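Here's the structure, in structure tokens; my notes come after.
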Amino acid sequence: MNKEILAVVEAVSNEKALPREKIFEALESALATATKKKYEQEIDVRVEIDRKSGDFDTFRRWLIVEEVTMPTKEITLEAARFEDESLNVGDYVEDQIESVTFDRITTQTAKQVIVQKVREAERAMVVDQFRDQEGEIVTGVVKKVNRDNISLEIKSEGMAGNAEAVILREDMLPRENFRPGDRIRGVLYAVRPEARGAQLFVTRSKPEMLIELFRIEVPEIGEEVIEIKAAARDPGSRAKIAVKTNDKRIDPVGACVGMRGARVQAVSTELGGERIDIVLWDDNPAQFVINAMAPADVASIVVDEDKHTMDIAVEAGNLAQAIGRNGQNVRLASQLSGWELNVMTVDDLQAKHQAEAHAAIEIFTKYLDIDEEFATVLVEEGFSTLEELAYVPMKELLEIDGLDEPTVEALRERAKNALATLAQDQEASLGDNKPADDLLNLEGLDRDMAFKLAARGVCTLEDLADQGIDDLADIEGLTDEKAGELIMAARNICWFGDEA
């Protein structure tokens, strides 16, 4: 029998390219399982195989515990120390028992356990092999095409055969069709250690694919002379990528385009002809958005840092180009910059600002007990809300011509009183529908919008997580994109426990 064990270890180790120690451990586990099946009671068994001779010994063991709940597998510390005073809780007491003989049932049980353990070892090796390659481009051969995904064989160093990866349908480009035997490239974006199912996940549609292709085609990126700051994609159609240089002598956009467009064309070809805009990064968010809106010319831009939005004005003749087909250009620019962008004509922006200024003047005259001329001065100085007047540093108000400290103090006091009155009126009108603390504390949601949600019965994070974008579509000041972000943030906290 000992020779058979050594032969099995050698054969499986060679066939699966697994370490011999892993096979010995699998065999020991298999023999222990087979031994347990010989007993009517549930016992704990350990098998030890001699790595040189193949002989094995079998031991029944009891775990030392403070209080016994399973007499067939546990023993008290007091009883264990009758045999050995050095033992402690958590140690084992062992007695050697007769080893199993390999009849048909024992062999079948051992085989099942060995197969399972070998499979677990193989999956562990896949994780170890590819963990360091996560985020990099890999090349694979299409093994099987399914309706929802395709299976790839990826070359794996140090393993018998190839590892299997999966590209889900959403990770492929639109209209992209593959057949068994095709060689394709993609970014390995997930390596999962789960005991069942796919372990390696590859994508061709995520922005990381675009970034890694440029890293291959543009040596300056690998040398860290040029840095990729952000990327946004409408897979298979259009993309934008933001780059900056760490060497002022090098033009990052020109380097990424390449001689006669060779570098960007190579990336575009790999992505099915995807049009790629290379955008110059700027630390100034407004200037960066102007760059990202290319090829459209921006006439003016207004930044609202509190709401993290920008109003972009273009000439009427450029409006269609600025928005892009189905909103593609402005959507990609928004994703690239991380700002919510509102594109409109110069006339529309002027009309909007006039309406906002008129509304602010009305609020100031109504709640601050000042005349229209004074209210107009405040608006022209950049103040548009009661909150700004109530809490802005006093020195900013004192910079306005004609205002002294007593006037500023009185103005701030009136603004605070007005805010308190409005808050009380708002809460009274809501009745029981008031936003809970968890909703008020949600990042990206201001107090005003929280009360608007509460007025619709969305009072808690759970309520928000249960909403769809269409449910919130008619709330003033809430775009579909912003609604989607808030809903997903609530779901991440409520459903997935993400407190970040």
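One is the number of the first residue shown, and numbering goes on along the chain from there.
Including glycine, each Cβ sits where the backbone N, Cα and C put it.
When DSSP labels each residue, the domain 'S1 motif' (135-205) comes out as 3 helix, 34 strand, 34 coil, counted as helix, strand and coil in that order. Residues or ranges marked as domain 'S1 motif' by Swiss-Prot on the basis of sequence analysis: 135-205.
Annotation comment: Swiss-Prot describes 307-373 as domain 'KH', evidence class sequence analysis.
For the region '2 X 51 AA approximate repeats' (369-494), the predicted model reports an average pLDDT of 79. The feature region '2 X 51 AA approximate repeats' is assigned by Swiss-Prot to 369-494.
Residues or ranges marked as repeat '1' in Swiss-Prot: 369-419.
What Swiss-Prot lists as repeat '2' is 444-494.
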Three-state composition of the domain 'KH' (307-373), taking helix and strand from DSSP
46 helix, 12 strand, 9 coil
How many helix, strand and coil residues does the repeat '2' (444-494) contain under DSSP?
33 helix, 0 strand, 18 coil
